[in-house]
Amino acid sequence: MSLQSYDKEIFDLVNLELKRQCDHLEMIASENFTYPEVMEVMGSILTNKYAEGYPGKRYYGGCEYVDGIEQLAIDRCKQLFGCEFANVQPNSGSQANQGVYGALLNPGDKILGMDLSHGGHLTHGAKVSSSGKIYESFFYGVELDGRINYERILDIAKIVKPKMIVCGASAYTREIEFDKFRAIADEVGALLFADVAHIAGLVVAGEHQNPFPHCDVVSSTTHKTLRGPRGGIIMTNNEEYAKKINASIFPGIQGGPLVHVIAAKAVGFKHNLSPEWKIYAKQVKANAKKLSEILISRGFDLVSGGTDNHLILMSFLNREFSGKDADIALGNAGITVNKNTVPGEKRSPFVTSGIRVGSPALTARGMKEAEFEIIANKIADVLSDINNTDLQEKIKAELKELAHKFIIYDRATF
């Protein structure tokens, strides 16, 4: 029986979401459009199989084929990042980070990560996260120019003396210099852990500095710029750390892995290893650069004055409207972004003074600089007359027409 026949309520909602994804311009920096092949294997019979343990060391029988699947995912992941060991079982980036901490830290150990309000992530020590409750967390941030000051981080690290330094961000527009973080970690005797969830797709294409060999451990998600399924991975070159990480994931924080998702990760990695991937990653950066150039030319302030990667941060500290206002207005015009805090933030995190805008999803649809120039100007038009709902409706219709020239899915399920 088809989903439409059995559960029309869910079928209708899923297809409404398909329509939204086709009609709107997805510019949330952490979102992307995955491949049909990835979704096909996620919807396979692999969802039926329990496989507690690791390839060759399972607690269940009948794992001979899923062993092959997981090993393929591991091997492709290692090839992608140029590392010796990889764990592909984490169900998310947050669980990957939790697994790293559990493997290499003891409760109460000090960690030094990027402040959430400066572009870090909840799992980098934020007090509302388990990473900020189990461990003693300290923070570094960006300067008012929106850039990391590595000398300032060294000064903080000398005072804090952390067991681990966490580098990586969810809203940082410039290249992260892992070699400089390595020098800081060495000077204070700290472990160095990189969370490259946002930039992984650029890293594996050679469009961003690789965290290896500089970092002791690296985590990532497999969606975002990698365009794979939703999930996490952990990598290292240290065999002792690898064993501890494996134990920290299973049986530490997870039971049976999601075999259908691990298979989808393997399929995604095959895409990432293809020559076409480098073309995609270059285009992601080129599109973000075009976006930043146009918005600056239209008189808008960008944190750090531009971008080196896949995203920009627009600052409205000198405007009467907030990030929340901009988020809503652009949504009404058919452009999906998210409100975001900015350096020097004066509003609450529920309102903010900025928005985060990314290029990966629209690049996946096939859009290039010409389309991003159009889109950037439409963003500027909306924000220059933010209360003009008639203009928002007009632009929404225009952008829907543009979006329909770049349809990526013709159905909702695979």
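Even glycines carry a Cβ here, placed using N, Cα and C.
Annotated (6S)-5,6,7,8-tetrahydrofolate binding site per Swiss-Prot: Leu116, Gly120, His121, Leu122, Glu240, Ser348, Pro349, Phe350, in sequence order, evidence recorded as sequence analysis. For the recorded site, Phe350 ((6S)-5,6,7,8-tetrahydrofolate binding site), the DSSP three-state label reads coil.
The annotation N6-(pyridoxal phosphate)lysine is assigned in Swiss-Prot to Lys224 on the grounds of sequence analysis. Within its own chain, Lys224 (N6-(pyridoxal phosphate)lysine) has Ala29, Ser30, Glu31, Asn32, Ala197, His198, Ala200, Gly201, Pro360 as residues 6 or more apart in sequence whose C-beta sits under 8 angstroms from its own. Classification of Lys224 (N6-(pyridoxal phosphate)lysine) by DSSP places it within a helix.
Other C-beta atoms found within 10 angstroms of the C-beta of His223 (site 'Plays an important role in substrate specificity') number 26, with every protein chain shown included. Residues or ranges marked as site 'Plays an important role in substrate specificity' in Swiss-Prot (evidence: sequence analysis): His223.
Under 8 Å, Cβ to Cβ, and six or more positions away along its own chain, Glu240 ((6S)-5,6,7,8-tetrahydrofolate binding site) finds no residue. In sequence order, Asn97, Gly113, Met114, Gly168, Ala169, Ser170, Asp195, Ala197 are the residues near His121 ((6S)-5,6,7,8-tetrahydrofolate binding site), counting only same-chain partners six or more apart with C-beta under 8 A.
Across the residues annotated as binding (6S)-5,6,7,8-tetrahydrofolate (Leu116, Gly120, His121, Leu122, Glu240, Ser348, Pro349, Phe350), the widest Cα-Cα separation comes to 43 Å.
Sequence-distant contacts of Phe350 ((6S)-5,6,7,8-tetrahydrofolate binding site), defined by Cβ-Cβ distance under 8 angstroms and a gap of at least six in the same chain, are Lys324. For the pair Leu122 ((6S)-5,6,7,8-tetrahydrofolate binding site) and His223 (site 'Plays an important role in substrate specificity'), the Cα-Cα distance reads 18 Å.
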